[in-house]
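Database features (TrEMBL):
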- 1-161: region 'Disordered' (REGION)
- 1-18: compositional bias 'Low complexity' (COMPBIAS)
- 60-78: compositional bias 'Polar residues' (COMPBIAS)
- 97-109: compositional bias 'Acidic residues' (COMPBIAS)
- 110-119: compositional bias 'Basic and acidic residues' (COMPBIAS)
- 215-472: domain 'ABC transporter' (DOMAIN)
- 572-589: transmembrane segment (TRANSMEM)
- 601-622: transmembrane segment (TRANSMEM)
- 642-666: transmembrane segment (TRANSMEM)
- 678-703: transmembrane segment (TRANSMEM)
- 709-729: transmembrane segment (TRANSMEM)
- 736-756: transmembrane segment (TRANSMEM)
- 819-840: transmembrane segment (TRANSMEM)
Amino acid sequence: MSHTSSSSSPPSLSSEPPSGQPDSVAVSIDLPPTDAASSEAQAHERPAVPALVIEPASPPDSTRSSVASSNQATSPGSRQVKFAALATVVSEHPDEHDDDDDDADDDGRADENKRRESASTDAQSRRLPALTHEPIKGSVDNLHQVGLGDSSPISPASFDPPSTRTLLSAYSDAKSSGLHIAGAVDTESKIEAERLASLRASSAALQKTIEPFTITMEDLSYSIEIVKNDKLRDRLAGRKKEVTRKMLLKEVTGALHTGTMTALMGPSGAGKSTLLDVIAGRKSSGYIDGTMLFNGQPRSHDFKRLCGYVEQSDILLGTLTVRELLYFTAKLRLPASTGDAVCMKRVEEVIAELGLTSCADVLIGDERHRGISGGQAKRVNIGIELLTCPSILFLDEPTSGLDSTTAFDIMRFVRKIRDRGTTVVCTIHQPSTDIYRLFDRLMLLVAGEVVYLGPAANAVDYFVQLGYKHSPSVNPAEFIVSVTSDHHGKAGAIEGPIVEQSFFAQQYRRSALAEMRKVSTRQAARHGSEGEHQLREEQDLFVNNALFNFRVLLQRNFKKASGDPAFFRSRVIMPSIIAILFLLVYRDSPHNQSGIRNRQALISLTVTMFSIGANQLLGGLIEDRKFFTRERAAATYQVSSYFLANMFIELPYMILKGLFWSIIIYWGCNFARTADQFFFFTFVAILLADFGCGLAQLFAAALPTLEQAAAAMTTFPLLFVLCSGFFIFPQNMPDFWHYTVYYISYCNYALAALLINEFHNADQYVGSGGYCLFNTTYSAAQQCPIALAGCETTSSFPLSSDQILKSVGVQDGFFHDRFANLMMVILIWIALRFLGYLALRFIRHGKR
């Protein structure tokens, strides 16, 4: 086994077997340094690098060679190498030298080179006192994945095996630094190493050189309007509306430098997430005052394409696998000219880097589907933003809801992103000591004001100078937050003066540190534009055109639908079951006057069921809206592309729904048996099914909560059905309902179209053997006037279609034609869809 002296560079695979062991597996595992020293300091001083030594499982001898021997168990096609070993902790100590003396620097470098050359022969002299040798077992497969104990396979460029770090948790040095797998190679073949190298080379074109990105802020403030006495009861009481401003950020000045990892910390309500949203351009309301520049320039329209934003909650599509979600996101965020093959290779690289290989083909999961773990979901969230290699990465509470081990894994990977040159800005409430040491800089906020901005490693000393005592055993982040909290003196955990929170902002403004930050920030912001402006929606510049995005979103929707059995069940199976129940009641309805009422009722039930039967779609639409809000904020695609993709994905299911309903109801209940009338009935049924879907999409886009959308989805369709002319004739309606709801009710025109379709050729309907629709007895030679209802008769006489249509409420005139009513249904359907688009386009819920 070889020892790597630095963990800052990406892990690499070595195809050379250990000397004298041609059939062995070389496994190199590094423990990166835990301090967050700057790159300049690292260039002059090589910190101690603890390493994990894997040794043979046989009883160790006195010399304990640091080479890992292994036993191979290879099966055809799998090429899996199994090993059993013992683990201990060793440490390498650099030679002492004076950084301030140039000659001493040269001597130190020479000594360092000599020490490196003798590393393989002098391992014993660099080893810590012998500790307990813990047995570990694992395997290396043909994809260069290392599996230790019960952990999942871990790719060489990914996170560490959790069981390995658990194994070393008893050792304080290892616990504070964690593990990193640098490489694992089956030395019998170089094929897989070449494959991985080819994979990375082929996607190198996508990994643009990360542009240096510095953000400067000078006197940056953010405020919102608080409106009082604006409710109806206040107006009725004669109270005047009062509008006041509430300051959430107060004159924030500072800079977020290129390639640094900055923590935004502070007590609850300090303004951390507010500042992050202001910088990232995510605020959709409120007022900004001051100057904010990006690389010395105001924010450009394509800023959203240069940055990534990882939300606190894991908003993902639960019915897709990890690989599928990343693939479709890559298709939408990368240029269309990239191609499917290169997109997929980029996805595979991100999966490997994030340690998601073992769950790449697992459903992400949601409330109805079991899926990946919380830590894996957080990695997927980060991976979505890494697909485009952003210049700046914003993270809002990335460790929220995660255990300490998973949280450290996540933040250590974020540190690796910073090492590539990406500017990382992260809000975090109270990180552990290990996580805190990963940050380069700290911006501490209290009540919207900056109370510290500088190196994270110096923050404790700054507050110690203010009179507070810090014990080395206390978490630095916990100490800092406790000191600046409004109630720190009540608990008595922190020794020091009890002051108001405003004291810390005043002290910082008077400090030399604040003056230095202000001068440097003003120099960078000299050419910026100042002044207050109200936030408005910025023009989005999209990577791809609307048609391309529509095709990709439609493909993603089909993949989602095919992976969710409930999607088909709620749209097709359940309506078909209801149709069968109706069939059992209305089957073989006779062609006489009694059958007229049966068919009228069944047609009305068809209109009603298709109007209110789409309530079950609301839950999925509300969930999808959350992911749409995230992608829209990142300018991933146009609203029109998303709207059309959602509409077209429903169309095949609505066609099946209307077709199955028509086949069951129309033929089973003995409707008019002509092809023309059947296909007209089927077309209207499909249109009504899509009407219900359109209403669900409109209310899901327009209303903020599922409860409100469900209430609207029940109320409005029922109102349209009540005013359709079946339950009460139009001439009997109150004028308000007659001249408003009745004329805009699509149920009115759909009902009339289906009634005319059924009864426009009604010669078969006679009075024999049934009852007439009237209340007076007539002779056989007379025709019943269809205006009344109720009398029994044994006479036989024909009924005209006009008489029947009048009896069921169809009016004379233009709308006495079925195609005229169908045209009105189509026009209202177009208006409904347009309203749905406007709601999706302009109504934003949960304004930030």
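Cβ from N, Cα, C; glycine included.
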Exercise. Could you check if the transmembrane segment (709-729) is in contact with the transmembrane segment (601-622), meaning 3+ Cβ pairs under 8 Å among residue pairs at least 6 apart in sequence?
Key: yes
Quiz item: Thinking of Cβ pairs under 8 Å, which stretch from 601-622, 642-666, 678-703, 736-756 has the most of them with the transmembrane segment (819-840)?
Solution: 678-703
Quiz prompt | Cβ pairs under 8 Å between the transmembrane segment (642-666) and the transmembrane segment (736-756), at least three | solution = no
Quiz item: In the same chain, who gets a Cβ under 8 Å from the transmembrane segment (572-589) while lying at least 6 residues past its ends?
Solution: 595, 598-599, 601-602, 605, 609, 613, 616, 653, 656-657, 660-661, 664-665, 668-670, 689
